[in-house]
Amino acid sequence: MITLKEALKYSKEELENLKKELNEKAKKEKKIGAYIEQFLDKDLSVSGEGVPVAIKDNISVKGWELTSASKILQGYIAPYDASVIVNLKANGFSPFGRCNMDEFAMGSSTASSYYGKTLNPLNFERVPGGSSGGSAAAVAGGLALASLGSDTGGSVRQPAAFCGCVGFKPSYGRVSRYGLASYSSSLDQIGVLTQNVEDAAILYDAIAGYDKMDSTSANIEFIKTAPNLNVNKKLKIAVIENYVNDADSEVKNALLKTIDMLKANGHEIVYKNLLDSKFDIAAYYIIATAEASANLSRYDGVRYGKRSENIQNLKEMYVNTRSEGFGEEVKRRILLGTFVLSSGYYDAYYIKAQKARAFIKAKYEEILQDCDLIFMPVTPTTAFKFDTQKSPMQTYLEDVYTISVNLAGLGGISVPVAKDKEELNISAQLICKAYDEQTLLDGALSLEQMIKH
């Protein structure tokens, strides 16, 4: 598969041929289910001319159906382009194909999609991760040059690690959320999934920057990263020792070898510990579900998507539309979020979670005052099997090493570093200071080239 960098040199005719090839390949590889069009026996959606980039089903593209992989949004056609789509088109890219996802981005396996599950291209018995599993599977399976996803608690980095591609989540506010169907507004961030680190920098440069349409957009200077990539920069990297040691043995051993290679390549390694991850999980799921319960209240049968036909009055319209339209995991999170915001529990849960979030952020900032980057696992294990019986809590633990990065609002990237004995991918995660994506991408490029050579 050609890279984004190479495709940007293509003529208009060559790009049209490339899109035809990708469309045919998507039809042949239908069982992977990376694209929603593969479930519906349709050609891949296309908008504008340029280098094709696949788009997660929660990012608005004018004229395309936007469903967040949910029954409740069936038939909703986006009336405008999200800011990232406007930026993509302005930089020579073309939205091409709707990627499958966990319903409303709630999940770690892309098995909660209304359309059906996406398979991991490395092993069809394994999950591709989530919630941007379709975006990762499309890139890893050679069905897309690159894709856009969203990351609320690891939803770009974790599927990238499971499928074996690069997944990059910029700092909160660096990329506009205008036109992204919200899950948790203070945690959501649009990110990129690519074949390599340089492509991640190129695609990030195309979508990043201040946007007056997004009140949470960071109004600070943005300097393009791809032209300034420096693979030779020597960095001080903090290894989170307790997280590396707690990972599965194969993941741990692969990361320890990677750390030795970083040392051998002239990077300074120091060892630090972060808080017990149980605090991250508790704070994250209280804040994320609280915000989700508010954000998803807009899907009521009046304004968007499908309305239940089994209604006699207004109350039945609300109850039946939401009961029929939302999947089990979404209902679970709405209930949890409503509970933690209720008057008797608001102080006990939500306020405490916000205090814990501030504490987690301060801990990261303390480490990054003295170091350029943080190094730790992306996931505790490699991709698990679809038939693995996991409770909701066990599923939530899949994001144990990624959620705190969102709580702190920092940038993070997942880079493939090894394979396990079953040829499943193992990735390392690098984390930077807020808005220091240049250093993050420099470090990731250095790591990638080190592994390849």
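Cβ from N, Cα, C; glycine included.
Marked as active site, charge relay system by Swiss-Prot: K56, S131. What Swiss-Prot lists as active site, acyl-ester intermediate is S155.
Between the C-alpha atoms of K56 (active site, charge relay system) and the residue listed as 'active site, acyl-ester intermediate', the distance comes to 11 Å.
Listed in sequence order, D102, A105, S108, G130, S131, S132, G149 are the same-chain residues at least 6 apart in sequence whose CB falls under 8 Å from the CB of S155 (active site, acyl-ester intermediate). Cβ neighbour counts within 10 Å, taken over all protein chains shown, single out S131 as the most crowded of the active-site residues K56, S131. K56 (active site, charge relay system) falls within a strand segment according to DSSP.
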